[in-house]
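The structure appears below as structure tokens.
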Amino acid sequence: MAVLVVFLSFLVADVFGNEFSILRSPGSVVFRNGNWPIPGERIPDVAALSMGFSVKEDLSWPGLAVGNLFHRPRATVMVMVKGVDKLALPPGSVISYPLENRVYMVGKANSVFEDLSVTLRQLRNRLFQENSVLTSLPLNSLSRNNEVDLLFLSELQVLRDISSLLSRHKHLAKDHSPDLYSLELAGLDEIGKHYGEDSEQFRDASKILIDALQKFADDMYNLYGGNAVVELVTVRSFDTSLVRKTRNILETKQVKDPSTTYNLAYKYNFEYPVVFNLVLWIMIGLALTLIVTCYNIWNMDPGYDSIIYRMTNQKIRMD
């Protein structure tokens, strides 16, 4: 089973002011409307459960309902936008939930997407080529000569290039392997820092980003024949400072585990029922095999049923 991950970098950060939204989802995946906050570290579990995979810990989040177990989505697309609490998405077509705590993600890229522009020079050159976003998007107050604006526009160009690449490599969307796409967009955050969040450039960039995300969601949803989940995570800022805990070397007090007081068994992991069933049924099969073998040997006639008798009896007749 192959999992396709695009531009998924390792990220562990405390998140302040954020939102988790569902842009597109098939009928087999049911997301309920409600203001239920979801911990950031459980976002990968939501993606796994929506695609029919199991997770190590049960997810007691009421936002994701039980859908069709025999018709799961073939892909999950998650886009993280940094620098804004939420985007003014069209009402009615999007389901949003508050996001809290921490975000954990890790992955690698598929070789098909190695042709995408990744360096700043490649991104800049791509913008001034034919059929780029500069020729189709209304820039309004944004400038082609500003590096911050070009960084934001280059991220929109990457979104368009990803859908274009997939349209040329449709076998990736039609195979039987589930696909996972995750992208992080930081261009809007840089525009907010450079111009200010009350500036006209930030408002125009937000509108352009919303339209681009809607177009990207539609393209990815249609490429998978309406059998894909498209998610959006908006994050205000990250606190990536590392805090190292210290302890006094003179401290000798030991904290006793309260579970040892009641002589409780250790907590089983999610693999326990699998291993238990394997061992149980193998032992039952071996026991039944041993019983049948012993029964047949006990009731065997050595003069007629033994292979030794048959071989020696044939030899005597030949002589």
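Cβ from N, Cα, C; glycine included.
Keep in mind that what you see is a predicted model, and the values were worked out from it rather than measured.
What TrEMBL says about this protein:
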- 1-17: signal peptide (SIGNAL)
- 100-236: domain 'Renin receptor N-terminal' (DOMAIN)
- 244-319: domain 'Renin receptor-like C-terminal transmembrane spanning segment' (DOMAIN)
- 278-298: transmembrane segment (TRANSMEM)
Beyond the flanks of the transmembrane segment (278-298) by 6 or more, those residues with Cβ under 8 Å of it: none
The domain 'Renin receptor N-terminal' (100-236): DSSP-derived helix, strand, coil residue counts: 75 helix, 21 strand, 41 coil
